[in-house]
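Report on the structure given below.
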């Protein structure tokens with residue numbers, strides 16, 4: 001009996017393997033945090049990739065081969081992300097992985113992908129993902145440090161040298177707070193006040209009052225995401241605290257202006273991507289085509305505004321599809337990795353990517369655009 | 001001076017939010033000794049349903065009423081479907097059931113609605129009121145007023161009405177309550193419905209300040225629970241004072257010591273109070289059942 005069952009199973013497995021090979025499809029694996037505390041990242045990422053795979057297959061796939069997508073929801077749990085990464089490689093036999101919405105889940109997937117030799121594009125922010133460079137690991141979002149550098153460059157241009165910081169204590173806020181404090185000196189900026197708030201706090205006027213009472217504060221910088229930055233923006237207006245307010249790329253969305261209130265948000269600045277100003281991009285902008293086609297398609301498919309995070313997933317998928325189309329063998333992870341590393345001047349929604357053996361992020365500061373809220377909408381700072 | 005007043009205003013705003021959540025705990029606790037950990041989810045539902053009704057074109061006051069009624073119905077359903085079938089189970093099991101219910105409600109909300117943050121306009125605009133150099137938003141006054149109104153309502157309910165006394169009797173000794181003719185099943189249904197309605201009312205009032213998404217309930221319930229414990233579980237006066245005290249403690253610590261330690265300081269004070277007064281500031285004298 002036992003032998004019989006085993007034989008049956010082996011036959012089934014063999015049949016499965018045969019049918020898989022016969023279809024000649026490119027198996028792509030994705031593990032993002034579509035639910036759970038990081039759902040605001042993973043939800044648009046999952047939707048974006050599902051939409052793009054469908055679009056690509058309608059157009060005939062990559063070099064005539066359809067893309068078969070296996071998408072898992074790790075719920076923001078690094079342990080689940082590790083299990084799914086292993087399952088993607090061993091059971092689903094994917095040739096490449098995209099995912100890791102948070103730095104935590106990315107770190108889990110990264111070790112599996114690196115060990116098995118499967119190219120992996122991460123969607124998380126931390127600089128430690130690509131520094132030091134790992135052979136099979138790439139990422140699309142810019143780092144926190146680049147956001148800090150972009151903000152301080154703008155402050156320097158405005159003649160601001162003394163800054164009060166108020167940061168969220170969540171992972172994003174804390175990481176960016178540390179990075180900003182590290183690079184501030186390079187731009188002649190001094191952090192004269194350093195306050196924090198809990199991610200679910202309802203009122204930040206005490207912290208902001210402390211910053212206001214600090215001598216010589218010329219601007220306020222608020223690294224964080226979720227409701228915190230919206231409440232900080234409202235509280236700054238409530239207190240009548242009249243200094244320039246800088247937010248991070250974590251809240252770069254149209255929904256943020258709505259949450260913070262157009263009046264309170266007026267004049268605040270943040271480093272964002274071209275996605276936010278899709279409507280006002282000039283047609284000769286290199287990113288015009290990719291940005292408008294993505295925003296239109298996403299809006300049509302889900303009746304939702306695009307977010308920067310969905311943009312990261314868009315770029316990761318586009319880069320991977322491009323690399324697979326150029327690879328010597330579309331079924332060989334090694335060949336895909338090599339092609340990915342040779343990517344040069346690839347225009348995405350976030351910026352223009354050029355990978356090299358020393359740089360697996362491939363973006364520079366020009367990918368960020370300094371944006372300002374004007375009349376309730378985002379405008380590029382001239 | 002104006003800094004102190006600003007910290008006080010902030011403390012009262014946040015404290016009133018905690019107090020409103022804490023008040024929601026009292027009825028179910030008084031009826032059954034169960035600490036309902038789904039209370040935060042009731043607050044969240046109040047905010048979420050109002051947001052989506054309002055976005056669908058329903059006028060704000062009507063949207064708020066719809067949200068409160070729907071949430072009350074969900075509270076009743078929670079009692080009928082999960083608590084009543086487990087009647088006779090120890091209180092700890094019932095508390096665990098409410099934790100399960102809170103996870104279910106959160107999951108269902110992200111499927112039915114979405115995972116984004118939302119807000120609807122403040123009732124009386126966003127122009128801050130200036131007092132001696134400090135500012136407070138009109139919505140904060142709504143929240144403080146709402147907390148006071150619920151407090152007075154509950155106080156009258158528990159001390160002046162027969163139904164309120166029946167609730168207390170049910171908690172004290174269910175069999176004795178039945179013997180004197182109290183329909184204890186109905187009292188439980190009523191208490192879940194009322195608690196859910198108070199939670200939803202809180203959600204409607206605080207959403208313009210705190211914003212709302214499917215997962216705000218956990219943090220609110222935790223702070224509300226801490227406030228209720230500080231004031232004395234089951235006592236409306238304790239919930240109100242505990243909430244306001246907790247909010248002011250946090251604001252003063254953030255203002256004068258360091259924002260890093262504001263929650264730590266608040267919880268150390270709570271622990272110290274509970275050490276000296278184990279049943280909280282206004283907790284009833286122990287009346288152990290024999």
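FYI, residue positions are counted from 1 along the chain as it appears here.
The backbone N, Cα and C atoms fix where each Cβ goes, glycine too.
Unlike curated records, TrEMBL annotations are generated automatically.
The transmembrane segment annotation in TrEMBL covers B:6-27 (among others). Among residues of the same chain six or more beyond the transmembrane segment (B:6-27), those with a C-beta under 8 A of the stretch's C-beta atoms are 35-36, 39-40, 42-43, 131, 133-137, 140, 143-144, 146-147, 150-151, 154, 167, 191, 194-195, 198-199, 201-202, 205-206, 209-210, 220-221, 223-228, 231, 233-236, 238-240, 242-252, 254-256.
Residues annotated as transmembrane segment in TrEMBL: B:60-79 (among others).
Below 8 angstroms of C-beta separation, residues 32-38, 40-41, 44-45, 48, 52, 74, 78, 82-83, 214-215, 217-218, 221 of the same chain, each at least six residues beyond the ends of the transmembrane segment (B:91-113), sit close to that stretch. Look at TrEMBL and you will find B:91-113 (among others) tagged as transmembrane segment.
Marked as transmembrane segment by TrEMBL: B:140-158 (among others).
Panel annotation: around the transmembrane segment (B:179-205), residues 17, 20-21, 23-25, 27-28, 30-32, 36, 39-50, 64, 67-76, 78-80, 83-84, 139, 142-143, 146, 150, 163, 166-167, 169-170, 212 of the same chain, lying at least six beyond its termini, place a Cβ under 8 Å from a Cβ of the stretch. Residues annotated as transmembrane segment in TrEMBL: B:179-205 (among others).
Positions annotated as transmembrane segment by TrEMBL: B:211-231 (among others).
What TrEMBL records for B:238-258 (among others) is transmembrane segment.
As annotated by TrEMBL, transmembrane segment applies to B:264-282 (among others).
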**Item:** Distal contacts, the transmembrane segment (B:211-231) - CB-CB under 8 A, six or more residues away
**Value:** 15, 17-22, 24-26, 29, 35, 37-44, 47-48, 51, 102, 105-106, 109-110, 113-119, 203, 237-243, 245-246, 266-267, 270, 273-274, 280-282
**Complete:** Sequence-distant residues near the transmembrane segment (B:60-79) by C-beta distance (under 8 Å, 6 or more away from its ends) are 38, 42, 45-50, 53-54, 98, 101, 105, 120-121, 123, 188-189, 191-197, 199-201, 203-204
